[in-house]
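Q: Okay, these came from TrEMBL:
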- GLU33, ASN37, ASP79, MET84, SER99, GLY100, THR171, ARG336: ATP binding site (BINDING)
Amino acid sequence: MNKEKGNLSIHSENIFPIIKKWLYSDQDIFIRELISNACDAITKVKRLNSLGEADLRENADFQVKVVLDTTAKTLKFIDNGIGMTEEEVKKYINQIAFSGAEDFLQTYKDKGDIDQIIGHFGLGFYSSFMVAETVEIDTLSYKQDAIAVRWRCDGKTEFEMESSNKVTRGTEITLYLGEDGEDFLKEYTVKSTIEKYCSFMPYPIHFEVADKEPEKDEDGNIIIEEAKALNDVAPLYTKQPNTCTDEEYKEFYQKTFRDFQEPLFWIHLNMDYPFNLKGILYFPKLNTEFDTMEGRIKLYNNQVFVADNIKEVIPEFLLLLKGVIDCPDLPLNVSRSFLQNDGFTRKISDYITKKVADKLNSLFKSGREGFEKFWEDISPFIKYGILKDTKFYDKVESIILYKTTKQQYVTLEEYLENYGEKTNKQIYYVSDDVQQAQYIKMLQEHDLEAVILDHNIDSAFISHMEMKKNEISFKRVDSNVTELMKDKDQAADEEVSTKETEALTKVFNKILNKEDCKIQLESLKSQEVAGMIILAEESRRMQEMMKRYSMGGFNPNTIPTEEILVLNKKHPLVQYILKHAEEETEILNFIVHQVYDLAVMSHKPLSPEAMGNFIKRSNEIMKRLIVE
Ligand SMILES: Nc1ncnc2c1ncn2[C@@H]1O[C@H](COP(=O)(O)OP(=O)(O)OP(=O)(O)O)[C@@H](O)[C@H]1O
């Protein structure tokens, strides 16, 4: 062919600077684009072969080769796919690709926000100019008697075309890396980028460094390493679920997420209609703290990695899981705000949510014991899902488990069946089963159980449950004195009671040096408890909420406290205080402090200063026991 020069058919002279600037944050996608073009070219030639239209007797070991030459500063992408004729280069490279760039500019010319744009933008081949000063294509079409073509462009709007000396079918793209692409002269950068985007691409991808000193053994002989593809051409999620073993699922998980813990269980998604979606979602073993839950859902488009954790497609609460989702139908070359409002994306998201809920229900029904074993790990995830998604709530609310203080798991329905009548449909809970042991014991003495809700997410979760189910309410065990705890045999003389309460308030205020000690005198059935602190559920939730939403500089002690000190009228220490209220003895001082501190300790941690005093005082009391 004759050497030919021409102008690329675009209207904007400034296309290259724009490609560089606008796509800068996702600079590494050129590797994905060039390798996926190479894979497409192989798929095309294979298809033609199966239709009898291409002769593939030679060069049928399909693969993509990426070759880095750090001396020549080039990066090559070589495939043995369909190749291109001169006409095709003119049509696909000179014109079509640029019309993609034109669309890109038209759509985004007023929007400077790069975050609006999903990295992948159909610029395909031309994204190579983000890193290359000059790009060369050498290509030979599969067609009989085709003439190899060389195309060359140095990042301006002019190109050159001439004959190439390429003799094997396929395309070789050479990037002459410029200043912007220096990073890609590092073996590690290229390799890890291929692994990031291409680990599931459908043909083997081989990577080599052309000018690397070969490794030698002790005798100076060159070690010839067996060429190994960087990718898995048939990832597990592309297979039929009934052909996959548990071992394969675990291995895939560990390899894909580099998490050497075993996943708890998984869901293999496989849908053809009304949209095409495949994937595997794993429930990882979680750290108990909600803050450290970190999932990762990798989104693929036809085995090409697109991005992690795109919350417009994947329901937000599922981002706490780990998994891969491949959806070839997703329109990825559009903005994220479009995806958000897209009915199709919503359908995908609904489908995934339904699959997860179905799996949880089937685990619950097929083996409650196994489900209970998982519960601690999956409960923060389920509760988060419930808060975020009404449909998910509807599907799983009946299988939510609550761990009781007897370490058994019950559903809400079971709890209410057992205790609902006694508690008037209230669900007692503890947020710290060690600290609140005294209250738990008091409940158990009356054949009542509390459930343990000790996770960060639980306060939001119980409010949500109360909103959904008007008839129930959650009460922390230290929020009130239930009628059950009171000794009803003791007929109370109200007038006497009031006087005694006043006397006790006076003495506690004086000795504790407080002004606002709220005291309630009760005849408790328990013989062991002298005093306990209660804080109305509503006040405590309000305090928690203020703590949660107030940012730095906030002092929680400035919240007015509604704590009440309940004193057990029948307890000898309380009776002693009442009897000696007017005296100013050291014993009275000790007893008032100890009764108060012990009551506080079952409710919340003592302040460091109060704890120091408590220890000192306790030691002093014990010393006196020896002396007297
Ligand atoms: N390695 C290759 N072998 C054969 N043809 C190729 C190769 N690379 C690119 N082409 C041709 O050039 C065209 C334009 O490529 P480009 O990557 O710019 O866009 P695209 O692949 O069509 O779309 P996308 O924007 O999704 O990448 C391709 O459609 C294909 O016909």
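A Cβ is built for glycine as well, from the same backbone N, Cα and C atoms used for every other residue.
Any TrEMBL annotation is an automated prediction that lacks curation.
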Q: Given a separation of at least six residues and a C-beta threshold under 8 Å, show me what packs close to ASP79 (ATP binding site) in the same chain.
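A: Counting only residues 6 or more apart in sequence, the Cβ neighbours of ASP79 (ATP binding site) under 8 Å are ALA38, CYS39, ALA41, ILE42, GLN63, VAL64, LYS65, GLY170, THR171, GLU172.
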Q: Are there any residues in the same chain, six or more apart in sequence, whose C-beta is under 8 angstroms from the C-beta of MET84 (ATP binding site), and if so which?
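A: Result: TYR92, ILE93, ILE137, THR139, SER141, VAL149, THR171.
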Q: Within 10 angstroms of the C-beta of GLU33 (ATP binding site), what count of other C-beta atoms is obtained when all protein chains are considered?
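A: Other Cβ atoms within 10 Å of GLU33 (ATP binding site): 22.
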Q: Indicate the candidate from ASN37, THR171 with the smallest number of other Cβ atoms within 10 Å of its Cβ, considering only these binding-site residues.
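A: Checked ASN37, THR171; of these binding-site residues, fewest Cβ neighbours within 10 Å: ASN37.
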Q: State the three-class DSSP label for THR171 (ATP binding site), counting H, G and I as helix, E and B as strand, and everything else as coil.
A: strand
